[in-house]
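Here is the structure we will look at, set down as structure tokens.
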Amino acid sequence: MEGATSWNSTDPGALASSENYISRASSRADDDEALKWAALEKLPTYSRLRKGFLRNLDPTGSVIHEEVDVAKLGFTEKQQLLEKVVQDIEKDNERFLWKLRERIDNVGIDVPKIEVRYENLAVDADVQVGSRTLPTLVNFMINIAEELVKFIIPPRRRVLHILKDISGIIRPSRLTLLLGPPSSGKTTFLLALAGKLSDDLRVTGKVTYNGHAMNEFIPQRTSAYISQNDTQYGMMTVRETLEFSSRCQGVGTRYEMLTELVRREKAAGIKPDVDIDVFMKAISMEGQQGNIVTDYVLKVLGLDICANTIVGDQMKRGISGGQRKRVTTGEMLVGPAKALFMDEISTGLDSATTFQIVKCLRQTVHVMDATMLVSLLQPAPETYELFDDVILLAEGQIIYQGPRENVLDFFQSMGFKCPERKNTADFLQEVTSKKDQQQYWEDSSQPYRYVSVEEFAEAFKKFHVGQNMEQEVAMPFDRSRSHPAALVTKKYGLEKNEIFKACLAREVLLWKRNSFMYIFKTCQLAVMSSLCMTVFFRTRLHQDTVNDGVLYMGALFFGLVVIMFNGMAEMVMVVNRLPVFYKQRDQLFYPAWAYTIPTILLRIPLSILECIIWTCMTYYVIGFAPDAGRFFRHMLLMFVISQTAVGMFRFLGSLGRTLIIANTFGNIALLLVFVLGGFVISKDAIRGWWIWAYWLSPLTYGLQALFSNEFHASRWQKPYIGGLDADTLADAVLISRGFSTDKKW
């Protein structure tokens, strides 16, 4: 009993001693933090913005403040910081965002806001009907021909009205839901607001951001459009995909805002929370390969559990379809865009995940005054309740736009009522349908009749919400209220050298991930070299007659054919990568040259290796001219032909854009190149209407150069007596196949 009493009792003296120790330890930690912060405040602005403190515990349990360079935070440091500010995303995210906002508000800095207006917006398209819409080779060729002569002979197409004279406002600080049945024009509407409509469409009306027309700023960087199509590189992990996206989009105006924020805090004597300070500094540093904002978005989207898993594709297993959809969303969320237009971001997601993502979006919109328009197909009731405003689109017309609370009142005024247990979002999408509309009719005073979309649109204009919207649209936006940092006028988020570094680093990564294919191709080339050596073995080849020379020509021709065929794999890779390239180019991640140059540079070492293997294995075994100079010229010429073949197949892949079309183009090109290259059919035997293909074929010039290199060797300068107009055996061999005897080749 005594032991039990002693175990459960508390000694007042011991408790007081413990409290005094904790108080002294806390005081020492505070003093240490204050001293280090005072030292930090004395640094120049550039250094002060790159330095911060991370709280850690030493082995004794005391709090220590470790000074870090925020631009060089390691993976462990980022994870520790993120755990401190948002340990549980469901509970801590809103509190974390409010801490960020309070720090900004405490010094009187205004957060940039964007109000998007569309007035009398109409979009029309000229479309084909019937069998002409099928993606066949014949239709593809006809479409190309029509494009070439469209200014002379207009193509026969029908006009499709996608959007029909719609007007409205997307406000900041209010999360807006876009609803509508399939083919109602939702995607076109989102693209129009994001400034990404195709040039083939006819657009009337206008879209403005804070009263500024689209040509006054860069809409692709001011806003972000999140497509419903998932296009990523399958060999990159989720984290790598988001890190590249974050790096290319840059930090926007975060650095400038942070500079002003730190200046005002220093003047006012305000010391911010050290964790919030490090986080804000880390997300404002440009050019980082791995920004902490990537880790934050991974956590918000629930992708942290698969961050190091490859995305995957048809040939390689990776993450699930729902996770891939979230990666598509995350690619834009990691950027600095202040207006987001999201197209069907819930496809493949369960209702709980969708609710969590939309909840975090709502918190961002409300706390950070962001502008968001989100299109969802069938949101659950709890997800629907998170939105502030609703836009209902049907047949290209707006049926309703305004507060979510008033939408059912509008339809009730039209005689339609949503049943108690019916999901409101489903009701809104079905009430305009001929098939489903009748079941919602509740006006017993008159018989049901179908209410068309045009009638709904006209009725909304007379509804009080529609009248208020019309009045607000009629009142021009005061451009003086627009924050200077709200609209982006710089085309790209990084400087040219930083863009090139980012694209080069990604290309190196993809090259490593696809290394098996390159190793396999190299081994395949070595096997073909062995076959060539045994077919054209030097003990069976002589240098006495024209026929002997033709055999050497055959060996050289075979080598060029193998090298050119080896470049055909590039066409498949280009076709597979094009969707990602087009998406990121249109989002102004990088210009086309930044994507192309790293691809070319990294292909050069492989081409050199292939040519070294082929030349070293075949040249002396076959018995070509033994001069060292001719050996190295031969190798150089094989390298040039290899690069030419790679470029040709890349061009054909980008021209075809699909594997079927590109393979068709590739096979036709190979047929023309090989048959009309001057060896299979000599130049003199080619018909006049095909001679253009002879001069366009890269094989023509490659063979001419290789033949000149070989047959101008001293061993082929034997006197020739025969039926050809030639003085030497070398000239006779070249003339027999229609090649030039000039040494300049």
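Glycine residues also receive a Cβ, built from the backbone N, Cα and C atoms like all the rest.
Any TrEMBL annotation is an automated prediction that lacks curation.
Here is what TrEMBL records for this protein:
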{"type": "DOMAIN", "residues": "144-420", "note": "domain 'ABC transporter'"}
{"type": "TRANSMEM", "residues": "516-537", "note": "transmembrane segment"}
{"type": "TRANSMEM", "residues": "549-569", "note": "transmembrane segment"}
{"type": "TRANSMEM", "residues": "600-622", "note": "transmembrane segment"}
{"type": "TRANSMEM", "residues": "634-653", "note": "transmembrane segment"}
{"type": "TRANSMEM", "residues": "659-682", "note": "transmembrane segment"}
{"type": "TRANSMEM", "residues": "689-707", "note": "transmembrane segment"}
The answer for the transmembrane segment (600-622), taking Cβ pairs under 8 Å and residues 6+ beyond its ends, is 504, 507-508, 511, 518, 521-522, 525-526, 529-530, 532-533, 536-538, 541, 552, 555, 559, 562-563, 566, 570, 631, 634-635, 638-639, 642-643, 646
Taking a Cβ cut-off under 8 Å, which residues six or more beyond the ends of the transmembrane segment (689-707) line up next to it in the same chain?
-> 553, 556-557, 560, 564, 634, 637, 640-641, 644-645, 648, 672-674, 676-679, 683, 734, 739-740, 745
Look over the recorded stretches 549-569, 634-653, 659-682 and say which has the most C-beta pairs under 8 A to the transmembrane segment (516-537).
-> 549-569
Who are the chain neighbours of the transmembrane segment (634-653) in space, where the CB to CB distance is under 8 Å and they lie at least 6 residues beyond its ends?
-> 559-560, 563-564, 566-568, 570-575, 578, 603-604, 607-608, 610-612, 614-615, 619, 624, 662, 665-666, 669, 698-699, 702, 705-706, 709-710
